[in-house]
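A short write-up of the structure that comes next.
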Amino acid sequence: MAIIYLILLFTAVRGDQICIGYHANNSTEKVDTILERNVTVTHAKDILEKTHNGKLCKLNGIPPLELGDCSIAGWLLGNPECDRLLSVPEWSYIMEKENPRDGLCYPGSFNDYEELKHLLSSVKHFEKVKILPKDRWTQHTTTGGSRACAVSGNPSFFRNMVWLTEKGSNYPVAKGSYNNTSGEQMLIIWGVHHPNDEKEQRTLYQNVGTYVSVGTSTLNKRSTPDIATRPKVNGLGSRMEFSWTLLDMWDTINFESTGNLIAPEYGFKISKRGSSGIMKTEGTLENCETKCQTPLGAINTTLPFHNVHPLTIGECPKYVKSEKLVLATGLRNVPQIESRGLFGAIAGFIEGGWQGMIDGWYGYHHSNDQGSGYAADKESTQKAFDGITNKVNSVIEKMNTQFEAVGKEFSNLERRLENLNKKMEDGFLDVWTYNAELLVLMENERTLDFHDSNVKNLYDKVRMQLRDNVKELGNGCFEFYHKCDDECMNSVKNGTYDYPKYEEESKLNRNEIKGVKLSSMGVYQILAIYATVAGSLSLAIMMAGISFWMCSNGSLQCRICI
């Protein structure tokens, strides 16, 4: 009878229940936090762009200036091989090969060439302006050329420059000036010819000891030719040295020379400024558009970081060295373990998420006589979703300051500066990378803690409604001391549960259950005594049987003494 009673006690019908839980899915997304690595979450957002299209494109609808085989110097001076660049429209950036073939056809140098390239990073269009027409030099020959710049086998020269030489065995002082009334700054380039020997000097200029003088309100430069024997380049032992200046509005530039002057025929009015740059690339322009260009290809993204290439032009994310930057937006993804039953711990007491709850992050599962089912808590889910969305957008917005990083060039005399610049840039990249990774780790920690807190808050909200009308099962579930139909369950979920309505029924059932527990104690004691006696008797019978068997086959000698 006692055994039957005990069985009935253990197989009593479970009361109606409601449980608090959270969403789980089949996601394999992993994030890192300050304290953990590779935490699987239900939802995440990658904020690091890793891809490009491998193309050189128009930037915001404006094509780049494609120099082809020409260098910056070849374009601006007018190398005959660069005639297609004599007039160019507005550009978004400049495409220059690493080692362009057509630069200074007449061998020489270009002073402050790297600074000139830096100037071009803020210019989007030059307008060519004739400042010193070739026919104004009536006392000098202006048809000078060289086979080094030949066109179709005939000697030629830089299209935008004029090489002044003797005329009629005479070279009078050459003077020219230009007043900048264009309304914009103007780029002016001129040159000085350095002959190979004195014979060449007299042949071209008649004079020895010549000079070239250039002056503006901010510039006073006087040069004399260096006559020297040099190794031949392009068949020439002489050299040309080019210089440049920016002529301000309403300022005047004056040229004076007794020989060796390479005069400018054209200046370049800076007609449009803006973010530009020189893209070192061997590629060609393709039929595509982008907002961010790298030497490897275009990036089209709204993400705040990328790891494609450190050099960019346009509206670009920040470059970082990271391989992974993923923000958690969902919860820890811990699907329920079937062997543990339906419920189980996020927030410290719920062991697994519900894949059956698909319309919210947090919610309920109930079971009663009418059935069972899942229901999301829309209010807490929506608040959490809005909060996390706003946070992610804020992080992206704060870190998505459009960033442009064009390469800086240094002359051979500035290698120490170049090395220092590289170290500084590497240092900045390290700082950006560290900041980005730390930001992600901290935000992920906060997001997961935020979800844990929301689940616990929902649990506490339900517990405050139900009070002692239920029993806390310790796994996120409550068992009612009263019958709770679907209407009752819905009232718990929407926060309108009527505690007084069920208080009396719950009190009676609670006391009854306690009485059953107390009366069952005697049963447990009887069963314990019965089990002990039965076990001892069974052991004694078994030992006696073994002894009798051993005595009968001689294995054990039995002596009975009286």
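Yeah, the Cβs are placed from backbone N, Cα and C, and that goes for glycine too.
Owing to the predicted nature of the structure, the values given are computational and were not obtained by experimental measurement.
If you go by Swiss-Prot, Cys292 shares a disulfide bond with Cys316, out of Cys288, Cys316. Around Cys82 (disulfide bond), the C-beta neighbours below 8 angstroms that are at least 6 residues distant in the chain are Leu67, Gly68, Cys70, Gly74, Trp75, Asp102. Between the disulfide-bonded residues Cys70, Cys105, Cys149, Cys288, Cys484, the minimum number of other C-beta atoms within 10 Å of a residue's C-beta occurs at Cys288. If you draw a 10 Å sphere around the CB of Cys316 (disulfide bond), it holds 24 other CB atoms from the protein chains shown.
When the glycosylation sites Asn25, Asn26, Asn494 are compared by the number of other C-beta atoms lying within 10 angstroms of their own C-beta, Asn26 comes out lowest.
The two recorded residues Cys105 (disulfide bond) and Asn180 (N-linked glycosylation site) have their Cα atoms spaced 30 Å from each other. Using CA atoms as reference points, the recorded positions Asn25, Asn38, Cys292 were checked against Asn179 (N-linked glycosylation site), and the closest is Cys292.
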